[in-house]
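Read through the structure below, which is laid out as structure tokens, and then see the notes.
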Amino acid sequence: MLRAVALAAARLGPRQGRRLLSAATQAVPTPNQQPEVLYNQIFINNEWHDAVSKKTFPTVNPSTGDVICHVAEGDKADVDRAVKAARAAFQLGSPWRRMDASERGRLLNRLADLIERDRTYLAALETLDNGKPYIISYLVDLDMVLKCLRYYAGWADKYHGKTIPIDGDYFSYTRHEPVGVCGQIIPWNFPLLMQAWKLGPALATGNVVVMKVAEQTPLTALYVANLIKEAGFPPGVVNVIPGFGPTAGAAIASHEDVDKVAFTGSTEVGHLIQVAAGKSNLKRVTLELGGKSPNIIMSDADMDWAVEQAHFALFFNQGQCCCAGSRTFVQEDIYAEFVERSVARAKSRVVGNPFDSRTEQGPQVDETQFKKVLGYIKSGKEEGAKLLCGGGAAADRGYFIQPTVFGDVQDGMTIAKEEIFGPVMQILKFKSMEEVVGRANNSKYGLAAAVFTKDLDKANYLSQALQAGTVWVNCYDVFGAQSPFGGYKLSGSGRELGEYGLQAYTEVKTVTVRVPQKNS
């Protein structure tokens, strides 16, 4: 329902679209803008612990800059404890290893039910800690969390091996066995959703998990940890550690008793994790990293739709999306009109209190990101891009940035090459389809891309030519738990979601048995 409402709202344009979205949000419960923080420790073996070091760190409300609370700071010693608990839970004969696959699915469904029960609280806590609009937390993020967990619950007893008719008097078959102890490191831009993306396939296939949550946004993941216990998962199956990348994250990536690591975050850190995994026990690695995704607007595109979708592609989630459409390529004969309309749309974007249902854009997640984005804006101006709107802070307090649009952007500019991760739109001009393919692919990234055209031949050609793990045609940011997501080149390795997402969490074992006589 939400996606249909959002698409209809986009087609109507900003003013009428907001009215439609406003009507849809009337069914959304009124949030508590100061939700109580119930859990701020480390979750190991279904119990809450202080850090071994007794250290804590503050988590901050990005709308105000005020400290929400202090959270236990896990590091190597805590990772060691969590891995030990996970390894014990994975031993042969343990309750988790002996559990029926269908029962694992039931537990995942139970977890989804508990999250749905506490949906209003979780959405409010996500908004408080992350800064994204509450209406997005409730209608988008939580909706996708529930669908992801329930999707993988259904796979628990359906992802299995095969019998193989090899020659001779033999019976041969394969088993899909869990990898073992899975280290999972999740980012701050979609804390609840990324937790679900990681937990769903890992638990459905019978693995155990040591998860490090982002230091900027630890609160919702810790609350879900308690729901995991309430759902009935055995002790040690899921362990959650708040902490910092160079300490807790590095300890997971280099741990000799961790069998796999899955990471979502920057390409820079992805390099470090790949190296640490290789230098330790050559653990399996799944990486979902950065992007600089091209969004190609052909001259025959539906102008109203393309403008609104390009705006959404860049500015959604305060621009803090790895797959954001951050290089908007527009064919030259519609360039001027597209730029004019895009600037008008950006100027109409509502920035403010994320708990206000009228707000489209909240603050950046923290001061570091705030300053980083402003630095990229400064770079764009210095390198000759034309600043058409925005360009500065949007409030005296908190980490709000004005919706910003640059025109006359050239491929060699810093803002056209590097991932900004903020509300900064770059619009580039192109002449021919062949030209734009070369320019779009001339990037170290390859996470996503989009094409807007009414010509099926152009859509097919471009979707095949673009070097990206996902290509959207006449839409953007359309996700489903059923469809895989991942990147080419420096945007990562492996896939999450869909049946493909299960492969990274299983080992395929061949068993061959000699029999007295084989019959067909």
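Indices start at 1 and increase along the chain as displayed.
Glycine too: its Cβ is placed from the backbone N, Cα and C atoms.
Residues annotated as active site, proton acceptor in Swiss-Prot: E288. When secondary structure is read from DSSP and collapsed to three states, E288 (active site, proton acceptor) falls in the strand class. Counted within 10 Å of its Cβ, the other Cβ atoms near E288 (active site, proton acceptor) come to 27, all protein chains included.
Under the DSSP three-state reduction, C322 (active site, nucleophile) is assigned to coil, being neither helix nor strand. The C-beta environment of C322 (active site, nucleophile), restricted to residues of the same chain at least 6 apart in sequence and closer than 8 Å, consists of N189, T264, E288, L289, G290, G291, E419, L447, S491. Annotated active site, nucleophile per Swiss-Prot: C322, in sequence order, evidence recorded as a curator's inference.
Under DSSP, K212 (NAD(+) binding site) is assigned to a strand (E or B) in the three-state scheme. Proximity of K212 (NAD(+) binding site) to non-local residues of its own chain (separation of 6 or more, Cβ distance below 8 Å) is seen for G74, V79, G183, Q184, I185, I186, I241, P242, G243, G245, A248, G249, I252, given in sequence order. The NAD(+) binding site annotation in Swiss-Prot covers 186-188, 212-215, G245, 265-270, E288, 419-421 and is backed by experimental evidence.
In the three-state DSSP classification, K55 (N6-acetyllysine) falls within coil. Look at Swiss-Prot and you will find K55 (among others) tagged as N6-acetyllysine.
Residues or ranges marked as N6-acetyllysine by Swiss-Prot on the basis of similarity to another entry: K76 (among others). K76 (N6-acetyllysine) carries a helical DSSP state (H, G or I).
DSSP gives K162 (N6-acetyllysine) a coil state; it is part of no helix or strand. There are 10 other CB atoms within 10 A of the CB of K162 (N6-acetyllysine), with all protein chains counted. Taken from Swiss-Prot, the feature N6-acetyllysine covers K162 (among others).
Residues annotated as N6-acetyllysine in Swiss-Prot: K371 (among others). Using a 10 Å radius centred on the Cβ of K371 (N6-acetyllysine) and all shown protein chains, the other Cβ atoms total 11.
Taken from Swiss-Prot, the feature N6-acetyllysine applies to K378 (among others). Long-range Cβ neighbours of K378 (N6-acetyllysine) (same chain, at least 6 residues apart, Cβ-Cβ under 8 Å): none.
Other Cβ atoms within 10 Å of the Cβ of K386 (N6-acetyllysine), summed over all protein chains shown, number 13. K386 (N6-acetyllysine) carries a strand DSSP state (E or B). Per Swiss-Prot, N6-acetyllysine is recorded for K386 (among others), and the stated evidence type is similarity to another entry.
For K429 (among others), the entry in Swiss-Prot reads N6-acetyllysine, with the evidence type similarity to another entry. Sequence-distant contacts of K429 (N6-acetyllysine), defined as residues of its own chain at least six apart whose C-beta falls under 8 angstroms from its C-beta, comprise F329, V330, Q331, E332, Y335, D408.
Swiss-Prot lists K431 (among others) with the feature N6-acetyllysine, giving similarity to another entry as the kind of evidence. For K431 (N6-acetyllysine), the Cβ neighbour count at a 10 Å cut-off comes to 10, with all displayed protein chains included.
A C-beta separation below 8 Å, combined with a sequence spacing of at least six in one chain, links K444 (N6-acetyllysine) to T267, K292, K489, L490. The feature N6-acetyllysine is assigned by Swiss-Prot to K444 (among others), with similarity to another entry given as support.
Among the features that Swiss-Prot reports, N6-acetyllysine is placed at K454 (among others), with the record citing similarity to another entry. Neighbour list (K454 (N6-acetyllysine), Cβ cut-off 8 Å, at least 6 residues apart, same chain): D300, A301, D302.
The transit peptide annotation in Swiss-Prot covers 1-21 and rests on experimental evidence.
If you measure from the Cα atom of K371 (N6-acetyllysine) to that of S266 (NAD(+) binding site), you get 17 Å.
Looking only at the binding-site residues I186, V269, the densest Cβ neighbourhood within 10 Å occurs at I186. In this structure, the CA atom of K431 (N6-acetyllysine) is 32 Å away from the CA atom of S266 (NAD(+) binding site).
Distance between Cα atoms for V269 (NAD(+) binding site) and K76 (N6-acetyllysine): 18 Å, as a whole number. Counting in whole angstrom, K55 (N6-acetyllysine) lies 13 from K76 (N6-acetyllysine) by their C-alpha atoms. Within the same chain, the residues at least 6 positions away from S266 (NAD(+) binding site) whose Cβ sits under 8 Å from its Cβ are L289, G290, E419, listed in sequence order. In this structure, the CA atom of E215 (NAD(+) binding site) is 15 Å away from the CA atom of K76 (N6-acetyllysine).
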